Amino acid sequence: CNSSLRMEPVPGLPLLPGEERVIDKEIIYMCPFSGALKGKVFITNYRLFFKSTDMNKSVLDVPLGVISRIEKVGGATSRGENSYGLDITCKDMRNLRFALKQEGHSRRDMFDILFRYAFPLSSNQSLFAFLNQEKFEENGWDIYDPVQEFSRQGLPNEKWRITANELCETYPSKLVVPCKATDEDLRKVAAFRSRSRIPVLSWIHPENQAVIVRCSQPLVGMSGKRSKDDERYLEIIREANGTSRLTIFDARPNVNAVANKATGGGYEGEDSYQNADLVFLDIHNIHVMRESLRKLKDIVYPNVEESHWLSSLESTHWLEHIKLVLAGAIQVADKVWSGNSVLVHCSDGWDRTAQLTSLAMLMLDGYYRTLRGFLVLVEKEWLSFGHKFASRIGHGDKNHADADRSPIFVQFIDCVWQMTKQFPTAFEFNERLLMVILDHLYSCRFGTFLFNCDSEVKTKTVSLWSFINSDQASYINPFYAVENGCVLYPVASMRHLELWVTYYIRWNPRVRHQHPNPMEQRYSELLALKAQYLKKLEELQLSDTAVHLSNSSAPPTHLTNSSASPTQLVTHLRTSM
Amino acid sequence: MLSTLGGGGGKPAKPSFVSYVTPEEINQTEKECSRKEKHPDLLPGEVIFCSAGPVLKSIKDDLFQRVVYGTLLCTNFRVSFISDEAPSDEEAAQLFKNKLYGENDIPLTCVDHIYGGFDDKKKLIISGFVKNKYPSKIIVCCKDLRLFHFSLAYAKEEDAKKIFQGIVYHCLEPKSLKCVFAFSYGEKTLLNKENQTKPKTVMFDTSEDWAQEIKRTKGNCKLISNNADFSISAKLPQFFIVPTHVTQEDLTKFDGKGIPIWCWSHHSGCALFKTASLPLMQEDASSQLYKSYMEGMLNAVAQTHLYSVKTEELSDSLPTVQDIQQSYSKFKQFFLLDNTNDFWMTDVKWFSSLEGSCWLDIIRQCLAKAVEVVECLEKENTNVLIMEEEGSDLCCVISSLVQLMFDPYYRTLGGFQSLIQKEWVMGGHRFLDRCNHLHLKDKEQSQAPVFLLFLESVWQLQQQYPPAFQFSETYLTVLSDSIDVSVFSTFLFNSPHHMASIAKAMLEPGQRSPVNWPTVWDWSVQFDSRAQDFFINPLYMERSRQDKAPRKMPRPKHQRHQSLPSSAFKFSPSAKKGFLKDETDSLKKMLRVKRLSRWMNSPDSAQASTREFFVAWQRRPLDYHGLLLPCLEGPTLRLWSQRYLRWIPEAQIFGGGSITILKKLADLLAEVQDLRGNLDRQACRADFNHQGVVARAKSSIQLSSAFPFTMPRSRSFKPAIPIGPLHSLITDSLADQEDEENLGIV
């Protein structure tokens with residue numbers, strides 16, 4: 001790189017420790033809302049930064065990690081103004097279009113550089129997270145300690161033990177399994193579960209001891225194989241709190257579960273598991289979800305579908321999928337709350353299963369609704385249990401059409417957002433936290449969402465939670481009211497589900513987002529007033545007693561002074577009286 | 001309680017026509033309680049027509065369906081069910097109690113439809129006379145979207161027949177205005193003068209009110225006060241304001257039609273007018289008369305400010321009242337659900353059903369039209385004359401919306417009520433016909449929820465800019481309910497003349513005093529002061545004193561002259577011949593330029609210009625006390641869920657809803673106000689009579705998203721679990737694919 005570039009700082013261009021400028025270019029940004037904007041683009045090893053020459057117009061600050069695809073548009077023969085340039089498809093619901101001069105090699109240069117830095121894995125380079133030198137006070141990697149978290153839940157206890165994971169490479173290092181099951185039993189069960197993802201405890205109800213157990217599908221296959229060990233293992237789980245019937249929630253639609261038999265998978269048969277009830281939750285697979293979000297993007301970007309907004313929204317099925325995921329989690333939570341242990345799986349137990357268990361736990365356990373608790377929940381149910389972030393997001397990989405990509409985690413965060421909308425005082429964190437998590441799901445600035453399962457990444461990268469915890473105040477919901485031991489059931493009906501406009505349509509300036517939130521603003525104003533009045537009252541009372549002590553008959557001089565102040569205060573009270 | 005059956009869990013609830021009580025249980029209960037005749041607390045002037053018992057009412061309590069025994073009555077005011085169960089004396093239930101009618105009362109004018117249940121079939125009832133069998137069930141759909149199921153199967157046959165006929169007769173058959181309960185009620189009650197002033201509502205029934213209003217907006221028009229006896233026109237109010245150049249002779253020409261009635265003046269000097277249009281397009285002898293008259297009127301309007309005027313015939317671009325009625329009839333059906341099954345079955349296609357009704361789209365069109373008018377006044381400083389056939393339907397909607405967007409005064413509680421008085425009540429909106437409270441067959445065509453459409457549009461504005469409104473969502477919901485409570489003079493008449501003539505007729509038989517009809521603004525008739533606290537929006541920020549100084553908009557003067565109207569007179573070009581002939585040459589020139597620009601503008605560019613206007617406005621910092629423009633993009637127009645979902649148990653979020661935040665804010669606001677009161681007392685050493693404005697519900701009250709209209713009786717731990725087909729989800733090749741290419745078989 002050109003070292004002189006690094007020397008002159010550009011006003012407004014932020015640089016992270018470890019971030020280096022690579023190239024600058026005069027360019028035209030084809031903003032879909034304000035039209036063509038002349039300016040300069042700065043590319044670093046972390047971001048694409050565009051500054052318009054017109055100071056009042058927008059700037060772009062896009063981490064290269066969000067780029068999923070770069071295309072050249074317009075050829076040497078193309079006509080029309082600004083038709084020659086680059087089109088960049090982003091993972092965060094937008095496209096960026098730049099127009100360049102045809103002369104020289106400016107487009108080729110920019111394309112090559114963008115390609116190299118946006119898809120480092122495709123050229124054996126490392127992701128920015130490994131170059132990031134940011135330092136934070138708290139090490140976010142320490143936020144989740146499985147032993148500590150299980151002890152918060154009262155584990156181990158006489159029924160459940162914590163064991164080291166030696167069976168499954170996509171599972172966390174510590175597992176909670178029934179005391180009655182020996183390590184040998186576990187090995188046998190592992191042989192009957194897809195990818196050895198055996199049923200392990202995820203959450204236990206503090207009073208009724210009902211548990212949420214998660215796993216992958218049983219390897220039943222076409223021949224309808226059985227495993228006595230698996231059957232006995234599930235019996236042990238059922239007996240642990242005396243549940244008469246164990247409910248098995250299979251997240252998939254019934255037909256898909258049946259179809260899985262062809263590839264060696266399947267579901268727990270009635271005959272084999274006599275004390276279990278099997279419920280299919282009808283949640284579709286990663287491909288359907290990917291397609292659904294793609295359709296959603298089509299109707300919100302760049303312009304919001306006008307004439308038939310509602311039916312277009314319906315035809316994307318995005319909210320319907322959200323409804324099904326939430327409805328599934330509600331059923332899980334309802335069973336557990338009423339004292340029945342449940343087992344949750346899908347095919348591999350790292351996509352739909354993670355959605356269901358984590359959402360059910362959000363409903364059941366107020367701890368996960370705190371800022372810290374939520375981060376623990378994500379670490380626990382998503383990262384430690386091996387949601388395949390690398391494959392689902394496709395970090396630094398040029399294969400934008402990879403069938404492994406799917407917005408499963410986005411869908412989960414959307415479900416959480418729906419819950420915070422329905423229960424605006426039940427969550428300690430605010431919408432901003434969810435937005436920041438999703439932004440850094442793609443950014444590759446932190447190590448948190450980079451890999452498919454727990455790995456050595458922790459020692460070499462910064463955790464997103466370090467960043468978040470360095471500024472906790474901006475993620476706190478001021479309306480949060482602690483309500484312990486309270487189960488929250490959102491209403492999984494289209495009447496209440498709404499599109500998360502502030503996330504999905506945030507690039508459109510015509511859809512107004514009020515910042516700061518008027519409710520929060522009003523609340524903090526009132527809190528400030530309250531503090532002010534309390535202080536004033538205290539002062540008055542103090543001086544009052546002083547006067548009474550000195551001379552009770554003399555006209556109280558302090559009154560003339562202090563009587564002015566409440567009226568002054570009144571002017572500050574911007575309130576309906 | 002007799003039995004608890006039905007719905008929760010994952011199982012579909014039984015349709016509500018199945019009896020939930022076995023005959024054994026009935027007999028047992030009959031033996032247990034010797035039935036006593038029960039009466040409700042009757043209102044002044046209320047009389048019971050008929051009653052029957054035992055009647056079963058089936059209710060959905062927190063998702064569980066059950067039945068309650070009681071007596072069903074029909075009075076001259078309401079259909080009332082008196083439960084044998086002890087009334088709940090919980091604080092929660094008392095908190096937002098309506099003093100006129102309770103949760104088991106249906107004001108007669110609030111009844112929308114009645115269905116009869118025959119075995120398991122349900123039939124729409126249109127008359128009290130039944131050929132063969134009387135229905136064993138009555139299902140009453142209310143205009144406030146409550147739904148009642150009564151079973152008459154256990155009442156004596158004679159009683160059942162009588163109550164059925166009585167209810168049907170009094171709710172559905174045509175009647176005369178004097179039979180409306182307001183007349184009996186008014187005779188027996190004293191007008192409460194004191195309460196009317198809280199909050200201060202300008203009634204616009206005196207010339208002073210109008211004079212004050214034109215002074216407030218610094219308008220440049222003249223007050224007409226010689227219609228006090230309705231000699232100019234029965235369609236116009238006793239007092240009204242017209243452009244200065246309208247002559248006395250002009251006023252008496254066409255029975256009030258075509259007179260530009262002043263609505264509001266913009267700070268630049270231009271003003272908004274409305275009128276009932278003359279039939280200009282007709283090709284007969286009178287049309288030439290109309291045209292030249294209209295030209296004169298336009299001339300007069302134009303002279304109000306800068307010789308400019310834009311006219312808008314609302315019926316050209318907005319839905320008709322019949323469209324509005326049709327759309328709403330479709331729309332409201334979505335909220336009158338018989339059972340849990342219906343709820344989930346309709347959930348799948350919810351968004352397309354909503355769209356299919358067009359109701360949200362009609363709201364959007366009204367808001368968009370109002371923005372267009374705002375643009376003319378604000379950006380082009382053009383006078384605007386809106387017109388339609390009667391000048392009292394969409395004209396009222398648009399003119400009130402424009403004023404709400406411009407004028408922060410109308411966003412206060414008192415201001416809003418005054419606006420409705422000015423534009424709707426005095427503006428001669430035909431409330432009686434539009435509501436068709438009298439069920440007159442010949443008025444069925446004119447029935448349309450035009451006023452509700454206005455309230456809906458206000459709700460959209462309010463939910464986009466909550467801190468800008470002093471009144472709450474609950475206030476709007478209650479106001480929309482009050483339309484169908486036949487007690488208030490506000491919604492009872494077709495015009496001020498109509499009301500005056502009825503009042504006069506009532507006086508003639510030598511009565512002591514005029515009838516006292518309360519106006520709806522006397523909220524103490526319906527709610528005690530504690531319940532009225534729910535009308536205040538805790539997010540509302542009054543403009544602070546510093547801001548209150550009149551602000552001059554920095555507006556370069558030349559801009560006014562440059563800006564030209566985007567369109568002007570829409571009617572036939574011939575109508576413009578000789579326009580402004582008395583004016584000077586320079587004016588003519590100016591006008592020609594404007595006309596030219598109009599012809600160059602296509603409708604598309606008008607829309608683009610409105611969008612540009614919105615974007616330009618949006619770029620400026622948001623001032624809750626300044627001009628407010630609604631965002632009209634699809635996702636920003638929403639369903640008024642408090643009004644429409646409040647009675648549906650499946651749609652209730654227990655422990656949630658935006659009310660939980662508002663409640664917190666309201667509590668804090670109350671605390672701050674208490675502290676201030678304390679401070680004042682301390683400082684002044686005088687008894688300061690502090691009045692709280694905020695609802696102080698005890699925190700023990702379980703909130704739900706339907707608060708304060710319904711409150712969960714008990715903490716429900718059973719969630720509503722969606723049931724039903726998932727047909728709508730595609731099962732294409734994607735759905736059949738595996739999540740992973742290779743399955744990890746060990």
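Using N, Cα and C of the backbone, Cβ positions are placed for all residues, glycine too.
According to TrEMBL, the features are:
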type     : residues                                                                                 : note
DOMAIN   : A:140-504                                                                                : domain 'Myotubularin phosphatase'
BINDING  : A:Asn285, A:Ile286, A:Cys346, A:Ser347, A:Asp348, A:Gly349, A:Trp350, A:Asp351, A:Arg352 : substrate binding site
ACT_SITE : A:Cys346                                                                                 : active site, phosphocysteine intermediate
REGION   : A:549-577                                                                                : region 'Disordered'
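Residues belonging to the domain 'Myotubularin phosphatase' (A:140-504) score a mean pLDDT of 95 in the model. When the Cα positions of A:Asn285, A:Ile286, A:Cys346, A:Ser347, A:Asp348, A:Gly349, A:Trp350, A:Asp351, A:Arg352 are compared pair by pair, the longest gap among these substrate-binding residues is 12 Å. When Cβ atoms from all protein chains are considered, those within 10 Å of A:Cys346 (substrate binding site) total 29, not counting its own. Other Cβ atoms within 10 Å of the Cβ of A:Arg352 (substrate binding site) number 30 in total over all chains. The number of other Cβ atoms within 10 Å of the Cβ belonging to A:Asp348 (substrate binding site), over all protein chains shown, comes to 25.
Sequence-distant neighbours of A:Asn285 (substrate binding site) (same chain, six or more apart, CB under 8 Å from its CB) are A:Arg252, A:Asn256, A:Ser347, A:Asp351, listed in sequence order. Sequence-distant neighbours of A:Trp350 (substrate binding site) (same chain, 6+ apart, CB under 8 A from its CB) are A:Thr170, A:Arg197, A:Ser216, A:Phe385, A:Gly386, A:His387, A:Lys388. A:Arg352 (substrate binding site) carries a helical DSSP state (H, G or I).
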